[in-house]
Amino acid sequence: MSTEDIYFNPIWDVRMTDTSLRDGSHHKRHQFTKDEVGSIVAALDAAGVPVIEVTHGDGLGGSSFNYGFSKTPEQELIKLAAETAKESKIAFLMLPGVGTKEDIKEAQNNGGSICRIATHCTEADVSIQHFGLARELGLETVGFLMMSHTISPEKLAKQARIMADAGCQCVYVVDSAGALVLEGVADRVSALVAELGDDAQVGFHGHENLGLGVANSIEAVRAGAKQIDGSCRRFGAGAGNAPVEALIGVFDKIGVKTGIDFFDIADAAEEVVAPAMPAECLLDRNALIMGYSGVYSSFLKHAIRQSERYGVPAHQLLHRAGQRKLIGGQEDQLIDIALEIKREQEAEATRA
């Protein structure tokens, strides 16, 4: 698969994608308004952000009982983003089994030009048809190997090869739980770079659950990653994503060219993105437990909701989710865990 038609300015060392309007949807419980999306896209575009991702937190078709309903239909937000951006390309996420081929076509018709297809890191084979369709439609393609911390670099590279052979132009090491630590990122990115060669680029998507989003992203770039994700103000699931404004500051200092103006992106984060956030993304006990136990970052809000519903500690829910090795799409099992903890509490109270 050729990487020649990837949107990549020769002056860049790395292409940045801001995921505030997709990963940030988890933190906002998918309640973005058109005004918020329009203002954020305009600010990111003006700062020089090459790619802006816009969709429900769980991708196309994610608005549902299981994941949470969108306040504004995602296709309307994709269209608005594409109409607002002057230079930035609009990307959209889709998960096989959640989104459909019709969703992909509609997103393209609404102005999306980069299709990012995500699977669990051991299930790349379920994305083959989706990559084929996206390339047939003329879309640029990106693959997400989620929960990449759960398998070895060698196994991850084999999964990346499946995506690349199917038409994926850049395969991401996705640290969905924010559980990877420095060398763990470098080893995985290096393995993918060695496997894919010129067939596809390699990217990295980090979270801040152990406070390593920026450091891990630097490790990824030094290991050969050409695409990096982040969110302004860490606006994302769990403790949030690597903050774009901090990434740009660090990249400037170490000589990594991105085409993004540091002062403009810092202004966008402070003056435009922050007011749209329901609260800051915190590196609190719940987030730390997710990073430490390897829990999918979008579980945070679901765990808090079940904690309030059943009167059990959210951090205990998250820790047990990690022990069970739950993955994205299994959020409903938090109810079973909550009931399990509740029964244990009642039994202990009876013994007392």
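Placement of Cβ uses the backbone N, Cα and C atoms for every residue, glycine included.
Taken from Swiss-Prot, the feature active site, proton acceptor applies to HIS26. In the three-state DSSP scheme, HIS26 (active site, proton acceptor) falls into the helix class.
Residues annotated as substrate binding site in Swiss-Prot, with sequence analysis given as evidence: ARG22, ASP23, SER176, HIS205, TYR296. Under 8 Å, Cβ to Cβ, and six or more positions away along its own chain, HIS205 (substrate binding site) finds THR19, PHE144, TYR172, VAL173, VAL174, ASP175, SER176, ILE228, ASP229, ASN241.
Secondary structure at HIS207 (Mn(2+) binding site), as computed by DSSP, is strand. Among the features that Swiss-Prot reports, Mn(2+) binding site is placed at ASP23, HIS205, HIS207, with the record citing sequence analysis.
Here Swiss-Prot flags 14-266 as domain 'Pyruvate carboxyltransferase'. Predicted-model confidence for the domain 'Pyruvate carboxyltransferase' (14-266) is 96, expressed as mean pLDDT.
Under a cutoff of 8 A between CB atoms, and with a sequence separation of 6+ in the same chain, the neighbours of ARG22 (substrate binding site) are GLU53, VAL54, THR55, HIS56, GLY57, GLY59, PHE92, LEU93. Taken from Swiss-Prot, the feature site 'Transition state stabilizer' applies to ARG22, supported by sequence analysis.
For the recorded substrate site, residues ARG22, ASP23, SER176, HIS205, TYR296 set the reference point as the centre of their Cβ atoms, and the other residues of that chain within 8 Å of it by Cβ are THR19, HIS26, GLY57, PHE144, MET146, VAL174, HIS207, GLY236, ALA237, ASN241, SER297, SER298.
Shown in sequence order, THR19, VAL174, ASP175, SER176, GLY178, GLY206, GLY213, ASP229, SER231, GLY236, ALA237, ASN241, ALA242, SER297 are the same-chain residues outside ASP23, HIS205, HIS207 whose Cβ sits within 8 Å of the Cβ centre of the Mn(2+) site. Across the recorded positions listed here (HIS26, HIS207), the residue whose Cβ sits among the most other Cβ atoms within 10 Å is HIS207. In this structure, the C-alpha atom of HIS207 (Mn(2+) binding site) lies 10 angstrom from that of TYR296 (substrate binding site). Under the DSSP three-state reduction, SER176 (substrate binding site) is assigned to coil, being neither helix nor strand. Neighbour density at the Cβ, taken as the number of other Cβ atoms within 10 Å, is lowest among the binding-site residues ASP23, SER176 for ASP23.
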